[in-house]
Structures are given as C-alpha cells and as structure tokens.
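First the structure, in the form of structure tokens, and then the observations on it.
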Amino acid sequence: MQPRSERPAGRTQSPEHGSPGPGPEAPPPPPPQPPAPEAERTRPRQARPAAPMEGAVQLLSREGHSVAHNSKRHYHDAFVAMSRMRQRGLLCDIVLHVAAKEIRAHKVVLASCSPYFHAMFTNEMSESRQTHVTLHDIDPQALDQLVQFAYTAEIVVGEGNVQTLLPAASLLQLNGVRDACCKFLLSQLDPSNCLGIRGFADAHSCSDLLKAAHRYVLQHFVDVAKTEEFMLLPLKQVLELVSSDSLNVPSEEEVYRAVLSWVKHDVDARRQHVPRLMKCVRLPLLSRDFLLGHVDAESLVRHHPDCKDLLIEALKFHLLPEQRGVLGTSRTRPRRCEGAGPVLFAVGGGSLFAIHGDCEAYDTRTDRWHVVASMSTRRARVGVAAVGNRLYAVGGYDGTSDLATVESYDPVTNTWQPEVSMGTRRSCLGVAALHGLLYSAGGYDGASCLNSAERYDPLTGTWTSVAAMSTRRRYVRVATLDGNLYAVGGYDSSSHLATVEKYEPQVNVWSPVASMLSRRSSAGVAVLEGALYVAGGNDGTSCLNSVERYSPKAGAWESVAPMNIRRSTHDLVAMDGWLYAVGGNDGSSSLNSIEKYNPRTNKWVAASCMFTRRSSVGVAVLELLNFPPPSSPTLSVSSTSL
C-alpha cells in the first residue's frame, strides 16, 4: 500500500479560489548567539512542559480547583464481591472449625468486624500464623450466620436462633448483633417467659435486658406468679420478688397467695421456708377478715411460732389504728410499682347550676386529660383523698341534700364501688389520709356547721369518731404534715376564719397553731417539701389569689407568689414537686383552668385545662402504672381557661 501523499509544507488553501498558492514568506533565521558563560553552560536544563497529546483538551481552571469523587456503593459492592469470593473459596486464608463444621473466610474481613478475631489475627497469637483455627463454646450455625453477617451486614434474629446467636455474638464482641438479640427478646416478654428471659440475660451479662425483664416481672407479678417458671424458682429469687417495694399488686392478698402456691408446689421440701417468706408478706395490709379467715386458718402458717408473731403484729396494727404511726415497719409500708407515675384525678364539682358525677384524670407523662368512670352519685363540695391504690369520694352535696355516703374508685377496673357511709352527713368538709386511714372533719350537715371529725379504716370497713375540733368549720380544707392533720380556715356560720388547728392522732387531740395572714374559706390546701401551703379562697369580701406557706419548724406563715387567677372552691394538690391549683370559681364563673406552682422559682404557670368547668371540686393523686383505662377519651387543651 502506498503511503498517502502529504500536502507540501508552507502551502495553504486560497480563500478566494480554493486552489494552492504561495504561502507566507518564512522568517529569517535568528542571528548567532555569543557563547554562554561557563556557569550557564553547566546549569542543568529545566524540563520543558510536555506537549499536549494529540486530541487532549487543554484545561483552563482556577488555581487549586479539584473535584472529589465519592462512591456510596463502593463499600457495599466490595463486600458483595468478597462475599461471593468466600462462597467460591477464592483467596480465603482461614478455615474456622467448630464441631464438625468448616467455615471458610478472609482474615481481614473477620478482623475488621470482630474485636475477637482482630485480637486473634493481629497479635502474637499462634492463630495469627495458622490457616485453620478451632473454636469452642460456640454454636456452629450461629458462627456461620455471624461470619456471613461480617460480609453482608444482614442477619435475621428470631425465636429459632436467638438463644444461640446472642452468646455467640457476645463471644465475638459483635455488639450490634448482641443488641439486636436483646431487642428481640425484649419484644417477646410475656408473663409465661419473663423469668426465663431474665435468667438468660443475667447469664450473658445483658444488663439492660436484665433490668427490663425484672421490671416486667414486678409489673406483671399477679400473672407471673401463676406460671410454671415461678413455681420452679429457687427460694432466693422468690424472696427477692416478694420483698420488693416495687411489686405491682392490687392487694397484698396476691403476694400471700403466690407464696403459698410456691410452697405447695413442693411442700415437703419447701415448708421449712414458710417463716422467711411470711416475713416478706405485708400482713398488716391485709384485711382483718382475710387475716382471720385465711392466714390464721392455714396450717402451714399456724404451726410456725414465728408466723404466729407476724399474725399478732398484723392484728395489733388493726386493733390500734391511732398507734399506726409508731407501729410502722417495712411490712406496713404500701408497695409502689416501679414505672408508675402520678395521675391527678378531678372528681365531681359543679358549674352553672349543675352538679357533676363525672370525673377526669390528668397524666403528667403525656400532658393529657382522660375521662374516667363517673361516680354513682353526683357530688359537689366533696372531700377526696387517696388511700393505698384507691381514690375515695367522701360526702358532698348532690343538689338536693348533704351526703354521708362514700364511694371508692379502682383504677385497675375503672369502676366506683360503694363504701361504708359516715356517721354524719357532711358537705364542704375537709378530707385527708394518714397512716392508711381516711379522716373527715367539719363541714355542713344541712342544718348546722360542724366541728366533729371521724376516721375510716378501709381494712376493716368501719368509721370511728375522733376528737372534735375546737372551732366549727365548713368550707374547710385538711392536709397531712409530719404525722399530724391540719384543719385550715373555713367558715363558722358567722365569719371567715384565719385560724388553724392541728390534730395529733396518737393522743387524739386538736390544738391551735399560728393563724394565717388572711382569713380564708374554700381555699386550696396541700403539703409540699415539708411545708403547708394555702392558696386562694374567700375572705368574706372577695375571691383571693394570694398564697401563703406555713413552716412547722418556724411556727409561722409567710407569703409566696400569688396565683395568676383568683380562685375559691378549688382544690390544691402536690404532684411531681409542683403544686396544682385545679378549677374553682373566680368570683363570677366556674373554672376549668389549672395552674401550677414551682417552689424553686416561686412562680405560677398555666397547665392544661380540664374538659369541664368545676367549682367545689375534689382532687387527689394516684401512682399508676397502666393509664389511661381502656376506651378513655383524651384531650390536650391549651394552657388557658376555655
């Protein structure tokens, strides 16, 4: 093949005719240069910039400008490729032997994912130079899944593999997989398996799972105590459970029944443990009928002298209610379930010629109000207090007459049940709980203002008269402080009162203490951080927003920040380190607004409003685990009065 002829140099295309013509005249050659100096001749030549390759693009860019490339799929694609290589046995440099199983892998992949393998392959261990390593105390299938996880970052945790996968992940220090196993077990907690999961977590040092499982056992003890797992527990663990202050039980009867069931599951071997177990049952909190009809009748209990002493202690607690303050022990302290939170209940009240039987409750954890079951009787000017895990609505006014009736609210069943009536009709009364007893003082019986007082024992279902106050008081409030009752202010049918008196249950005596700075009836009274607070009320001329505080140590009252709204016929309660002023009347209308006081800042701020306007309302707080009750409407209202 002949080479293609090239156009002669110095020729160009004529722009006019398109035919060859003479090119431009060549420049003359440069004149000869004189010889360079010696130093110049010996200097190394600098390299010339390389001529651009044919077809290359000459870039003109700002100095220092560059572009970073980041492939988000690089790691994924690389590990996918390595996983395929492992499956085909390519470039594998380690074989793991466990039982009869062989697992091929790459040391660098295992060492990069597992601190266990990193130490094995990078330190001066013999395995670092070996191509075959035998592992012990690990399930073969679990190891295979974890090696595969090292390449794919994916693993499925389920009922079929979690019990082998978790210890294997712990051994290899694959904490992410270990946490996934714990999360799965946490989601599977049930009364039938929670004790087993708790033991499994303890055996493998899964502290968070252990705490969660133990909390679940305490919270669901009634159901857990009926399972086979509970019956097989060793004595030490049973003692740990039934002695816990955090046990969630509707009554101490459940603890007693659980203990007896455990003993009778293997009665010959376990009857010797009955005295130790009964010391953990809070017998004084059982009703007298249950003590005599069940505990004293049980042969396993009756035949042990130590158990007889415990039974006598419990009966003495019942027979001497006025001495409960000095008879108190760990067995007389009500249990408080771990995880329970305070719930504020607003009960009854009235608004615009209406008397309410409905009730609502506020959960601070969710900042929501919930409607709960209505009372069987409409009640305004009612006294409300909590004893144990129940709420009591005492007396009041139903729109026709003043009431002696009492009913209690069970938050577990969301129902109200009738209780034994007081000996006297009372509205506008003061009610408070002390040492498991319910006290009612003063009030109005439909004919006269009262100074009498009486006490209710829920364990025996009986009302007993106690010493009368020195002053007749209706629209009075009563609170408990340092083992004593304080009756604050009120109205004696002729004047609004600033006086205060204190009741000491051990001696059954009322005595005067320092009077308030202002006359107040229908005020709110509560105790917070060792001080007695009184807020609002009526002084005979106007509705008040002023607030004062009494210190028993100083024996004097002092003013604190006033409420934002004038209130009387409201109620005051302490909750979560705050004081809550609930409802009431501002002098012209009933209120559904709430405000709360922070003693650390000495300020009142608005809180979420109730559904319903309520004056002459009763308020108390219960510590509840499961709230709200099923099918309860909820409401979140702005922090202003509607």
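Each residue, glycine too, has its Cβ placed from N, Cα and C.
The region 'Disordered' annotation in Swiss-Prot covers 1-53.
Residues or ranges marked as compositional bias 'Pro residues' by Swiss-Prot: 21-37.
The annotation domain 'BTB' is assigned in Swiss-Prot to 92-159 on the grounds of sequence analysis.
Annotated region 'Interaction with F-actin' per Swiss-Prot: 289-641, in sequence order.
According to Swiss-Prot, the feature repeat 'Kelch 1' maps to 343-389. Confidence across the repeat 'Kelch 1' (343-389), taken as the mean pLDDT and rounded to a whole number, stands at 95.
What Swiss-Prot records for 390-436 is repeat 'Kelch 2'.
Marked as repeat 'Kelch 3' by Swiss-Prot: 438-483.
Sequence annotations record features per position, and here Swiss-Prot assigns repeat 'Kelch 5' to 532-577.
Look at Swiss-Prot and you will find 578-624 tagged as repeat 'Kelch 6'.
For the repeat 'Kelch 6' (578-624), the neighbouring stretch richest in Cβ pairs under 8 Å, chosen from 343-389, 390-436, 438-483, is 343-389. Helix, strand and coil counts under DSSP for the repeat 'Kelch 5' (532-577) come to 0 helix, 27 strand, 19 coil. Sorting each residue of the repeat 'Kelch 3' (438-483) by its DSSP state yields 0 helix, 22 strand, 24 coil. Each residue of the repeat 'Kelch 6' (578-624) gets a DSSP state, and the totals for helix, strand and coil are 0 helix, 25 strand, 22 coil.
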